[in-house]
Amino acid sequence: MAPVCVLVGAPGSGKTTVGRALAELLGVEFRDTDLDIEATVGKPISEIFIDEGEAHFRTLERAAVATALATTAGVLALGGGAVLAEETRSALVGHTVVHLSVELPDAVRRVGLGAGRPLLAVNPRATLKYLLEQRRPHYAAVATATVVTDGRTPEQLAVEVAALLPS
């Protein structure tokens, strides 16, 4: 079993929103590894960061991604930092991976002031700019396609991503 599509991208790129729209369009399930982690641990990611730290969260994330890649037949959205792990990048080889690319102004508008996003709690705009610069090469390395999300609706993006998927 393998996902029909794996979505990667920075916070605010639309992975969850576009992923849900894409899954609905294709008539398949939608899965988000961030939501999987929250369900497993029983608390929001922001609390995991506060209580156990980022390193612990990344360990949970690697496990969640590995499980999801092996058990999901629909659309899978990964957390924004999942591609930082070499283990995850290697696991994505052979999958259809779409990078939802977002520029800073749209990302800032979409994520707001970082509510519920632990890495954006302090100076969200500067942090988001740094995250975009740091992670963009990793997204590009794993992606089989890139879709620019700026100024477009989730439904428009779902149609574009669907057109990129193998038949």
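Cβ from N, Cα, C; glycine included.
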Can you match one of GLY80, GLY94 to the substrate site that Swiss-Prot gives for ASP34, ARG58, ARG135? GLY80
If we check Cα distances from LYS15 (ATP binding site), which of the binding-site residues ASP34, ARG58, GLY80, ARG135 wins as closest? GLY80
Listed in sequence order, residues not in ASP34, ARG58, GLY80, ARG135 with Cβ within 8 Å of the centre of the substrate site Cβ atoms: PRO11, GLU61, LEU78, GLY79, GLY81, ALA82, VAL83, LEU84
Please list residues from the chain of GLY80 (substrate binding site) whose Cβ is under 8 angstroms from its Cβ, counting only those at least six apart in sequence. GLY9, ALA10, PRO11, SER13, LYS15, LEU131, ARG135
